[in-house]
Amino acid sequence: MSYIEPAPIKDKENPLESMMQRFDKAVDLLGISEEMYHILKVPRKQVIVGLPVTMDSGEIKTFEGYRVIHSTILGPSKGGIRFDPDVNLDEVRALAAWMTWKCAVVDIPYGGAKGGVACNPREMSAGEMERLMRAYTTALLDVFGPDQDIPAPDMGTGPREMAWLMDEYSKSKGMTVPAVVTGKPLVLGGSLGRTEATGRGVMVSALAGMEKLRINPYRATAAVQGFGNVGSYAALLLRERGVAIHAISDISGAYYNDKGIDVADAVAYRSSNNGSLEGYPGAEQIPGDDLLTLPVDVLVPAAKEDVITRKNVSGIQAKMIVEGANGPTSFKADDIINEKGIMVVPDILANAGGVTVSYFEWVQNRIGYKWTLERINRRTDRIMKDSFDKVYETSLKYKVSLRIAAYIVAIDKVSSTYKYRGGF
Ligand SMILES: NC(=O)C1=CN([C@@H]2O[C@H](COP(=O)(O)OP(=O)(O)OC[C@H]3O[C@@H](n4cnc5c(N)ncnc54)[C@H](OP(=O)(O)O)[C@@H]3O)[C@@H](O)[C@H]2O)C=CC1
Ligand SMILES: O=C(O)CCC(=O)C(=O)O
């Protein structure tokens, strides 16, 4: 049925397939025109670049990079850049489409894009990372732009990489252009609150979901998979709101303490331990996958896509899943999750705090003025809560899961904008 047929990957989930399945379901319920369906399912632009980089050894290695612009109907396209060995075109296409739906769900004036480079940042020096990021930026100079396509961090990239991108782009224009990228260091025009924004949005969504399920946060328990930008702040902020964090994890494994983990201590341990939780003494180490099936109230997958699949979904005991990561649940697990009555606050809603504060960063760059952290957090919390409520009401109206409701809200917003514009 779909024009951009996801490539079959033997024995592996394909996030593009998950995105398309849910998109199709929402479209059937919403009843958009065939023309609109074809416009929304096809990325507007897909760029693949070859990036030769001189490694510290003197060897020249060529990396493959991608930037997919899914939609520009609501405004300039927006989305992070992922540095990870598993990056591939289908993954970036799915992530780009999710950005379109995410921006529409929280009602910010952006389309959707995503970028990625297949590389392993864990094995690269700072110098190699810098040369790769500058090469990627140079290759995409005609794609990026503050009114065109605005990148941001994702897995494996952060403020440091955004600074290099901003510098490389600015040099090509002969002037400083801070609004070309968000998630920058504060001194370069980054926004207060951006670093913790995605985790903060996860916390707000989790509390909104708990309220519906009548779970008292002060008696609630949670497990958080992934302890990078999203997972660590989600854990810290949920803990601040009273939730006991029983398990956390990173690549090195999962760490479990049924009395609750001291999250600030785990964050400090990780930064003093070369960015790894390995050997964390405040909890017992358990196999990484066991975290997903622990008897907790709230499960926050905040690492990568397709960690909840048909194979492990029946073991999930959580009452709620709040998706910090993009696409952590394969569509093949959806029916069982619904049968089990587990509430899923979907990625395109739960992790939208990051792009919301990116939008605030872009606005501040453009007006040349800095907002206070208090203003940013207040506005982010309001947007996240209002968006949750809108998705929740839509789920009641259509009698569907919050995930399908979020797609309905998003597709409705983008398609009605397109109708008014009469083209783009
Ligand atoms: N950063 C942002 O603002 C946003 C990010 N997201 C999404 O959130 C997810 C995480 O992104 P982000 O936090 O930025 O990325 P980071 O690179 O900062 O962190 C990723 C974390 O996941 C861990 N991890 C990777 N694989 C596994 C695994 N198999 N089991 C357990 N942990 C694992 C990593 O471990 P280790 O530290 O050992 O490498 C790391 O702790 C991604 O899906 C991203 O697209 C969504 C919205 C915005
Ligand atoms: O902050 C942004 O602009 C995008 C963040 C992102 O890539 C995401 O939400 O998945």
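Quick reminder: no glycine exception, Cβ is built from N, Cα and C everywhere.
Look at TrEMBL and you will find Lys78, Lys102, Ser358 tagged as substrate binding site. The Cβ neighbour count for Lys78 (substrate binding site), using a 10 Å radius and every protein chain shown, is 29. The secondary structure of Lys78 (substrate binding site), as reduced to three states from DSSP, is extended strand.
Marked as active site, proton donor by TrEMBL: Lys114. Annotation note: Lys114 (active site, proton donor) sits in a strand segment as assigned by DSSP.
For Asp154 (site 'Important for catalysis'), the Cβ neighbour count at a 10 Å cut-off comes to 26, with all displayed protein chains included. Feature annotation from TrEMBL assigns site 'Important for catalysis' to Asp154.
The NAD(+) binding site annotation in TrEMBL covers Thr198, Asn229. A helical conformation is recorded for Asn229 (NAD(+) binding site) in the three-state DSSP classification.
Only Asp154, Thr198, Asn229, in sequence order, out of the recorded positions Lys102, Asp154, Thr198, Asn229 have a CB under 6 Å from ligand 1. Sequence-ordered, the extra residues of this chain that approach the substrate site, with Cβ no more than 8 Å from the Cβ center of Lys78, Lys102, Ser358, are Gly79, Gly80, Met99, Cys103, Ile108, Tyr110, Gly112, Ala152, Ala352, Gly354, Val355, Thr356, Tyr359. For the substrate site, whose annotated binding residues are Lys78, Lys102, Ser358, the maximal Cα to Cα separation is 13 Å.
Counting other Cβ atoms within 10 Å of each Cβ, the binding-site residues Thr198, Asn229, Ser358 show the lowest value at Asn229. Every protein chain shown contributes to the tally, and the Cβ of Lys102 (substrate binding site) ends up with 29 other Cβ atoms within 10 Å. Here Asn229 (NAD(+) binding site) is compared against the recorded positions Lys102, Lys114, Asp154, Ser358, and the shortest C-alpha distance is to Asp154.
On its own chain, Lys114 (active site, proton donor) has Tyr66, Arg67, Val68, His70, Gly79, Gly80, Ile81, Arg82, Val92, Leu95, Ala96, Trp98, Met99, Asp154 as residues at least 6 apart in sequence with a Cβ closer than 8 Å to its own Cβ.
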